[in-house]
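Here the structure comes first, spelled out in structure tokens, and everything after it is commentary.
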Amino acid sequence: MKVGIIGAMEQEVTLLRDRIENRQTLRLASGEIYTGRLHGVEVALLKSGIGKVSAAMGTTLLLDHCRPDVVINTGSAGGLASTLRVGDIVISDEVRYHDADVTAFGYQPGQMAGCPAAFSADAALIALAERCIIALQLNAVRGLICSGDAFINGAEPLARIRRTFPQVAAVEMEAAAIGHVCHAFQTPFVVVRAISDVADQESHISFDEFLKVAAEQSTLMVEAMLRAMASQ
């Protein structure tokens, strides 16, 4: 099995990249793909860049050039579920855009024309992530992750997202685009992110302070999932 792993930022991929054995680097457009083996599993690790376009472009190149069997999106997210704190984990059951609106034509909020209302994560990958959560004794929430080309900071945008998507667990800037591309390629995916900030009016302050914690926690989860895959 080959596993595609996607992180947007240098801080979100560096721990994994540095542990890849026989690492080779492929530079495509604005992204970088690092291939090799990690914990006995063949991996292709993409540093996509921030935002939906960069994520979609990078995911397309990753799937086309490396042909992974499954994709794990790692990194940080802003927590909206009431039980989430910095360093906790959010696992996607589905992903949606929070900044897409073609409701005038009968679509649901967040639904792109011609697409499903949400992109569903793979049930087997969700179950694997949840087993790793139990083994690592981490706090986690499984639920909806919403993506958009904005860092959510302030009461008004936060209220809009919660009003439109009352079941939302976390927000970030790439997962829905990654899920969209994986859906088109019929590639199973899951999003496993660590909380870097609890979305509120001071999110930008806590994000800068706690990004390192989130990167360490999300890396811990990805490595646990790879070890579990290697033992199957």
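Cβ atoms here come from the backbone N, Cα and C positions, even for glycine.
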Checklist entry - Pick from Gly78, Gly79, Gly87: which one does Swiss-Prot list with Ile152, Met173, Glu174 for the same substrate site? => result Gly78
Checklist entry - How long is the line from the C-alpha of Glu12 (active site, proton acceptor) to the C-alpha of Glu174 (substrate binding site), rounded to the nearest angstrom? => result 13
Item to check | CB-centroid shell, 8 A cutoff, substrate site Gly78, Ile152, Met173, Glu174, site residues removed | outcome: Ala77, Ser147, Gly148, Ala150, Phe151, Val171, Glu172
Item to check | Whole-number Å value of the largest CA-CA distance among Gly78, Ile152, Met173, Glu174, listed as substrate-binding | outcome: 13
Item to check | Glu12, Glu174, Asp197 as recorded positions, winner by CB count within 10 A | outcome: Glu174
Checklist entry - Could you state the CA-to-CA distance between Gly78 (substrate binding site) and Asp197 (active site, proton donor) to the nearest Å? => result 5
